[in-house]
Amino acid sequence: MKFSLSWLREHLDFTASVEEICARLNIIGLEVEGVENPADRLVGFRTAKIVEAHRHPDADRLQVCRVAAGAGFEDVQVVCGAPNARAGLHVIFATPGTYVPGLDITIKKGKIRGQDSGGMLCSLRELGIGEESNGIAELSETAPIGESYAAYAELDDPVIEIAITPNRGDALSIRGIARDLAAGGIGHLKPWLTEAVEGDFPSPLTWKTEHPACPYIVGRVIRGVKNGPSPDWLQRRLESVGVKPISALVDVTNYLTYDLGRPLHVFDVAKLKGDTLTVTHAARETFTGLDGREYVLGTEDMIIVDEAGVQSLAGLIGGESSGVDENTIDVFVESALFDPVRIALTGRRLAIHTDARQRFERGIDPAQVLNGLEAATVMIRDLCGGEVSEITEAGALPDWKRTARLRFERLKTLGGVDIAADDTVRSLEHLGFEVTERTEDAATFLVPSWRNDIASGQVLAQAPTLDEDVASRAASHVQAMEAECDLLEEVLRLYGLDNVPAVALPQTTVVPAPAVTPLQARAALLRRVCAARGLTETVGFSFVAQDDAALFGDVPETQHLLNPIATDLDQLRPTPLINLARALSRNLARGLGLSGEGALFEVGPSFDATGQHLRLAGLRAGLTAREPGVAAHEATLWEAKADLTAALVALGVPEAALSVTADAPGFYHPGRSGQVRQGPKMVLGTFGELHPRVARALGLSGTVVAFEVYLDQVPLPKAKRKAAPVLSPLQPVRRDFAFVAGPDVEIQAVLKAARMADRNLVQDVRLFDVFEGGSLPEGHRSLGVEVVLQPQSESLTDTQLEAVSKSVEAAVLKATGAVLRR
């Protein structure tokens with residue numbers, strides 16, 4: 001938000017310097033981002049007069065001028081090529097050494113076609129403050145000679161830019177900024193009253209509102225206007241805040257948008273069809289805005305229509321077909337109250353960024369709907385003339401009045417400062433709050449209409465498990481507490497947060513509390529485990545597209561976001577696998593699937609009807625290696641199962657206690673997936689190939705395997721003091737076996753039997769291959785199993801290795817009936 005010092009003086013009577021104003025703005029929470037004075041770029045430019053002008057002897061298009069430019073430049077010769085240079089003309093003169101911003105040059109004395117030239121006569125475009133280019137600028141005949149041009153043109157007017165937080169829609173107006181400064185001790189706020197203009201005739205146009213996001217709208221016709229350029233003062237004001245002047249009618253609406261924070265719109269009556277304008281829902285149609293862009297509207301969008309069609313996208317941008325121009329004679333002025341959420345949703349979806357949207361989506365002052373129309377009427381009548389109709393309206397102004405209560409002791413107990421009750425009340429009154437009730441301990445205030453962020457009544461939903469009456473009382477208490485905190489914040493920001501003393505937290509115990517919770521510690525452990533297994537960690541939004549969420553099951557309405565940060569992030573995610581799949585798709589499309597980017601994991605929240613849960617999720621796709629130095633191959637579900645098992649074992653779950661059932665969720669391949677359980681009821685995770693339909697919808701091709709660990713459901717291990725592991729100095733020995741197993745044999749049973757063959761030597765057992773077909777009997781599978789043997793005191797001999805191999809073979813045969821493939 002930008003504003004000039006002269007514009008601020010329209011609302012605030014002050015003597016403070018720019019530096020003092022900026023310091024106070026920062027203290028009261030309106031952070032200053034920059035200060036720019038246009039006069040700083042115009043040092044060296046003077047007002048001057050051409051005393052004499054004659055044609056250059058060697059160039060027909062040049063003139064040699066004698067210029068009077070004040071002290072030190074009483075009689076200067078300047079060679080000028082402007083066609084309008086003539087004797088007696090008052091001009092802008094650039095002295096030698098002056099930087100010309102519009103040309104990016106510095107003026108020097110020199111000769112032009114043999115004639116001395118001691119400066120330059122300039123156009124406004126060359127100064128960087130205008131568009132005209134038909135020669136040099138022509139000043140008034142009353143312009144003094146030798147004065148700084150910036151001072152003469154009233155351009156010595158610093159412009160301050162501040163950052164506005166989303167809750168402070170009232171600070172998107174110069175009056176709102178002035179109000180805060182006055183409350184903060186800078187000057188006195190001037191009263192603002194607008195004239196109520198009586199209508200001369202009934203309005204030929206009427207309003208009708210059918211959209212719930214427009215509770216109240218007013219307007220009036222002004223006929224017989226003359227829409228020409230705005231006066232210089234108005235153009236300078238708009239240019240100072242970065243708004244390009246267009247015409248008087250448009251400039252009035254832009255001026256009041258910045259001055260009062262009151263967006264308005266004007267329609268050319270001659271371009272409208274019918275006698276009624278209706279605020280309604282859009283159909284699936286297109287609309288061309290004043291910016292020339294074509295927008296595709298949705299059924300939730302709010303539009304203003306006449307008999308011919310859409311004339312405005314309400315609260316965002318007017319239509320090209322009904323815009324005013326230099327031929328406009330009759331104009332219809334609109335002032336309305338629109339729902340902030342609806343404006344934000346449509347604006348974000350259509351990527352419309354206007355001053356109107358910026359204010360409506362933060363909430364405007366509902367009490368100024370009529371006053372804004374009256375202010376526009378007065379300005380248009382003064383600048384453009386015309387006759388004014390009576391006001392037409394539709395809907396009703398909502399009851400915006402609400403109260404907030406502040407206990408004075410809370411300034412000490414919560415705010416950390418000791419402020420007298422009278423000073424507290426006085427601070428809030430300066431901000432526009434009115435005391436409705438006061439006792440020795442507390443005061444109740446009527447919240448001003450322009451502060452939509454205080455005691456708004458919007459409270460987060462309570463837990464669904466609460467009794468309805470309990471939830472209602474809880475919400476009421478939360479609302480009252482938030483309103484009190486709002487008032488406390490207002491008092492503290494005027495007091496100055498820098499003045500709040502720093503106080504150490506009380507030490508309640510000698511033994512410090514753990515820095516992390518057990519759940520956080522387990523999440524950190526899983527990150528290390530997954531990284532060690534070659535997966536790369538990602539961090540994704542907890543929001544996903546609704547269509548993506550639907551691929552992973554039902555999409556409850558309770559998980560749909562009413563005000564998403566982006567149109568494709570409108571649903572709480574049911575699983576982090578969605579984010580991983582999208583990231584993996586982008587990585588593989590860039591050829592990053594061979595260096596770890598084809599294997600991703602995330603530890604993050606997921607959401608369902610019962611609430612929020614913490615999950616570990618991982619995906620593998622593309623080529624992956626079983627271990628370093630081994631040829632890469634396409635990811636299989638066994639790697640996903642191994643990842644899942646490694647995570648659970650790291651969390652203290654005995655591998656022998658795990659079992660697999662073939663009832664994984666529907667987003668997995670129905671025949672290549674499973675759930676991992678501890679006992680018959682406790683589901684700890686899932687693994688398998690993603691369903692091909694789901695993978696394709698998420699932009700993936702080929703085999704994609706995934707796994708999830710439900711951290712909330714993994715039991716904490718029993719506290720046992722374990723002996724320190726004995727590390728062997730000897731190399732482990734790996735032996736591969738191929739067992740032929742029948743269709744009813746569980747792979748887990750084979751692995752368990754191999755592991756139990758020799759507890760002293762068998763350190764690990766892993767499945768690395770499954771083969772079907774060939775010479776195998778129908779329905780049978782060949783299971784490739786790697787057994788890792790770890791000797792402790794001496795290296796194993798061939799005889800010992802052969803004995804262990806026979807023990808493994810015998811144990812598997814006895815437990816499962818699987819035989820060694822010959």
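Cβ coordinates are placed from backbone N, Cα and C, and glycine is handled just like the others.
Values in this document were obtained by computation on a predicted structure and should not be read as measured data.
Copied over from Swiss-Prot, here are the features:
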BINDING   ASP486, GLU489, GLU490  Mg(2+) binding site
DOMAIN    39-150  domain 'tRNA-binding'
DOMAIN    399-502  domain 'B5'
DOMAIN    728-821  domain 'FDX-ACB'
Those binding-site residues listed as ASP486, GLU490, and which of them has the most Cβ atoms within 10 Å of its own Cβ: GLU490
DSSP-assigned states of the domain 'tRNA-binding' (39-150) in counts, ordered helix, strand, coil: 10 helix, 46 strand, 56 coil
Structural state census, the domain 'FDX-ACB' (728-821) (DSSP three-state): 28 helix, 31 strand, 35 coil
Env. residues of Mg(2+) site, Cβ within 8 Å of mean position of ASP486, GLU489, GLU490 Cβ: ILE454, CYS485, LEU487, LEU488, VAL491, LEU492, ARG493
Secondary structure composition of the domain 'B5' (399-502) [DSSP: H/G/I, E/B, coil]: 45 helix, 15 strand, 44 coil
Stretch-averaged pLDDT - the domain 'B5' (399-502): 85
